[in-house]
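Sequence annotations record features per position, and here TrEMBL assigns signal peptide to 1-25. Feature annotation from TrEMBL assigns transmembrane segment to 270-295, 344-371, 383-403, 415-439, 451-474, 506-529, 535-562, 574-593, 605-634.
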């Protein structure tokens, strides 16, 4: 849709509100469709076993397990389950895809087919019963589609497919049943214009607990009324079976993911988006009314003062036309561009923040346009790593450019620290948390070889690109301030309470956090409860609202600081805007208390550690947005007045 030049502004608003639907309307599949002939083998892959919460939507663990973990003893193919090739992002997000012992053939039904017989000891029974109580789910993949269960959303009365299915269930009478039979229902459709070619468009698994006593035959599964309970005092023999049913469907291959992409109560997201938009519009109008009117008046007054011949005023303190002596932000024109404390650290943060800002923007846009389809597993994580790596040039250039403008002298240290400090902190925390996963034998632990790949990408691609950007920036001329800086610093008078560091940081950081609060809840839920997040249209708008809010409130704070004759605005702007990251961490702690009930120490450490890591990156991101908005604002206003 193209808007003509004379189109009303409301058309732009309509197009923006339509963005959340673009991801589904402009669907770009991540993989090419696979067609099968009748009786062709259709592979069923197994993935990591993940917690999804209990019946009350309370998560008890954040640890995932390998499908062939010795405690589970699931039936494996000859030679064991072999790993299936995965992307870097898929591995980082915890996917551990392997082959299975299930035999599926296109349009070939199977009834009560025996897999294997397993004997569970008391230790294995205790472990599995605990996992069932914590609500872990099995995750299978058929033709790239996650096997799931049909669920009805009571709020919107809509049916959708929830990926994964439960390992077992705790009954109302306290008994714990273990699922050992699976009804696999596969939906398929015939390729148009190509008879005899079929494609998979849906996978549903209905797990059952059936205690077999005799020989297993085609009708045995329907005549086993008792459930399987794993004894924690002795051995329990369990026989695994499965049935396969092929059902023809009218669902097109290109839209087969639609049944998985479900929004829990979209009215909340729309209400939040509209509410945030109203707040942002009100905030921006307030900032514009205060700054534009006040600055226009101030600049006119200051420039008029410079044209008055003070020698003709006969020593009076009141100037012609009742114009008073200089006051407010012009008084600090000789100090406003004075170098802040720790310019090296500030420039390094700004370089990495710019890198994160551009990476986040590109990632959201790619996801919004459908390039990061959920059918291409791990594509989101892969593109984020690759973008951050390639954008090392942008980070190095920005850091060196700002450090040179701040008249920093340790340029070699700036070049080294820009690609190493913030990524080093992130990698160190990530590695330490990974040690907890290794200690717990969780499948979520990133393999050592993948760690080496990350280090390889970091030092052989990102670091050289950052060095190249820094080298170009230091060769470029320095960014000169619009006014000269005095040799002697001006004394800063006491400020009111709300302009002190802590109160101002808390006030400024709250508003950008409020712009993304609701969307952050859905993101957190999708991460910890293993749900598919796809509402990148909402995320795109929330990200834009957060940028505008962050810039507006930080500029307002800097203006008030300068009017109070406080010229130390650089770190104040960065820290105040970055406080949004602190609010995200506080929100994560509240989420931990209300939605999680983690049973082990390792789970709590992992949750808090990953939340702190995300909050730190958000601190760098929003701090950079606030700083550059304030930097442009300060340069603009001081270049508009005449200074003798």
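In case you wondered, yes, glycine gets a Cβ from its N, Cα and C as well.
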At a C-beta cut-off of under 8 Å, are there same-chain residues at least 6 beyond the transmembrane segment (270-295) that contact it? List them, or none. 511, 514-519, 538, 541-542, 545, 548-549, 552-553, 555-556, 559, 637, 640
Counting CB pairs under 8 Å, which listed stretch among 344-371, 383-403, 506-529, 574-593 touches the transmembrane segment (605-634) the most? 574-593
Could you tell me whether the transmembrane segment (535-562) and the transmembrane segment (451-474) have 3+ CB pairs under 8 A, leaving out pairs under 6 positions apart? no
Cβ under 8 Å to the transmembrane segment (415-439), counting only same-chain residues 6 or more beyond its ends: which ones? 63, 344, 347-349, 351-352, 392, 395-396, 399-400, 445-446, 451, 454-455, 458, 462-463, 466-467, 470-471, 474, 602, 605-606, 609-610, 612-613, 616-617, 620
With a cut-off of 8 Å between Cβ atoms, can you find at least three pairs linking the transmembrane segment (344-371) to the transmembrane segment (535-562)? Only pairs 6 or more residues apart in sequence count. yes
Below 8 angstroms Cβ to Cβ, which residues of this chain, lying six or more residues outside the transmembrane segment (506-529), approach it? 52-53, 57, 59, 62, 264, 268-269, 272, 276, 279-280, 283, 498, 535, 538-539, 542-543, 545-546, 549-550, 553-554, 557, 576-584, 587-588, 591, 595-596, 607, 622, 626
